[in-house]
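TrEMBL annotations:
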type    : residues                     : note
BINDING : Cys92, Cys95, Cys132, Cys135 : Zn(2+) binding site
BINDING : Glu107                       : Fe cation binding site
Amino acid sequence: MSDLGTRLRAAGRRLTPQRQQVLDAVESLGHATPEQIVDAVSARGGSPMALSTVYRSLDALSDLGLVSHTHVDHRVPSYHLTSHATHVHVVCRGCGSVGEAPVDVAEEFVERLDRSLGFEADVTHAAIHGLCRDCRKQT
């Protein structure tokens with residue numbers, strides 16, 4: 001049995017084909033919305049998967065700490081593997097591109113929140129909006 005299967009069983013869950021397909025899609029896409037996961041599973045010739053099944057699978061995988069999500073815009077979350085290095089998402093409001101920055105770039109901000117407000121921030125789910133280098137050149 002795979003390590004994933006062992007972890008799921010320990011949590012009282014099973015490694016269903018749907019959960020495996022969702023995990024494989026997230027891994028191959030890097031960052032993916034639930035809708036993109038549905039499309040990726042279909043493109044691979046998998047059985048059609050309902051969006052509700054994808055959300056349930058993502059919830060189970062998230063509970064196990066295998067995937068995490070970020071709201072890179074004000075709509076649906078984007079999921080990625082937690083084995084991917086911890087990062088902060090940077091979203092260009094000009095072209096819509098989504099990039100990553102190491103989480104330590106936000107370290108001073110997190111420390112200042114703690115010092116001034118006593119607030120312990122988790123920026124691993126954060127998306128910072130601004131303009132990318134290319135869009136800044138155009139303005």
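Cβ coordinates come from backbone N, Cα and C, glycine included.
Whatever TrEMBL says is automated annotation, not expert-curated.
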Fewest Cβ neighbours within 10 Å, where candidates are the binding-site residues Cys92, Cys95, Cys132, Cys135: Cys95
Assigned conformation of Cys135 (Zn(2+) binding site) - DSSP reduced to three states: helix
Spatial separation of the residue listed as 'Fe cation binding site' from Cys92 (Zn(2+) binding site) - C-alpha basis, Å: 21
Assigned element (helix, strand, coil) containing Cys95 (Zn(2+) binding site), judged by DSSP: coil
Near-site residues: Zn(2+), ref Cys92, Cys95, Cys132, Cys135, CB cutoff 8 A to centroid: Arg93, Gly94, Gly96, Ser97, Leu131, Arg133, Asp134, Arg136
